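A short write-up of the structure that comes next.
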Amino acid sequence: MNWGAFEGLLSGINKYSTAFGRIWLSLVFIFRLLVYLVAAERVWSDDHKDFDCNTLQPGCTNVCFDHFFPVSHIRLWALQLILVTCPSLLVLMHVAYREAREQRLREASGDNYRCIYPNPGKKRGGLWWTYLFSLIFKAGVDVVFLYVFYRLYRNYTLPRMVKCELPPCPNVVDCFISRPTEKTIFTLFMVVTACVCVVLSLVEAAYLIGK
């Protein structure tokens, strides 16, 4: 990862965000992205390897694992983090478009140039709508993924043992999940931080509309 480019990107997002947006960005970067990169990936690295079933029937363990873990937590979180941060880049692109348009008009008009965007980063006109859309989209993405996690994994928790009777299993077999308590704690942590991010996005949207 190019940390210099990443730092510049974060600085740009902070520059055009409100106070609530800066808190949201800090929460996403520190409590979601870093936790995901540093700890969560390692916790789920052995989820398939250490998923044990009390049978030697070939294919039974793979079928049961696929049934109880249709999509990995890690892959869902990666997709969630990508989608939830993209709208902030959309705001940066809109500001860059304003600055580029201003530059082109300045070069084309010469002495007759009349400034269109005295402050390209000020949330007025189209940029206001872009920023508001980004807030609604971010909150919507987190809500959708919270629902997906709730449907796939009951109440966001992982049991220590599950019973599987899918073919080619010869009968009802017991399967044991690796480190279920630790995984449940990380899941609940990510769920809570996502809920806080949703609240911050909605509060920022209300602040933006009220202002």
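Positions of Cβ are set from backbone N, Cα and C atoms, glycine also.
Note: TrEMBL annotation is automatic and uncurated.
Record features (TrEMBL):
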DOMAIN    42-75  domain 'Connexin N-terminal'
DOMAIN    141-208  domain 'Connexin cysteine-rich'
TRANSMEM  20-39  transmembrane segment
TRANSMEM  76-97  transmembrane segment
TRANSMEM  128-150  transmembrane segment
TRANSMEM  185-209  transmembrane segment
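Within its own chain, the transmembrane segment (20-39) is flanked in space by residues 10, 13-14, 74, 77-78, 81, 84-85, 88, 138, 186, 189-190, 193-194, 196-197, 200-201, 203-204, 207, which lie at least six positions past its ends and keep a Cβ under 8 Å from the stretch.
For the transmembrane segment (185-209), same-chain residues at least 6 beyond its ends with a Cβ under 8 Å from one of its own Cβ atoms are 18, 20-21, 23-24, 27-28, 31-32, 35-36, 39-40, 43, 73, 77, 80, 84, 123, 128, 131-132, 135-136, 138-139, 142-143, 145-146, 149, 153, 156-158.
Note on the transmembrane segment (128-150): residues 16, 24, 73, 76, 79-80, 83-84, 87-88, 90-91, 94, 156, 187, 191, 194-195, 197-198, 201-202, 204-205, 208-209 of its chain, located 6 or more positions outside it, place their CB under 8 angstroms from a CB of the stretch. Per-class residue totals from DSSP over the domain 'Connexin N-terminal' (42-75), listed helix then strand then coil: 14 helix, 2 strand, 18 coil.
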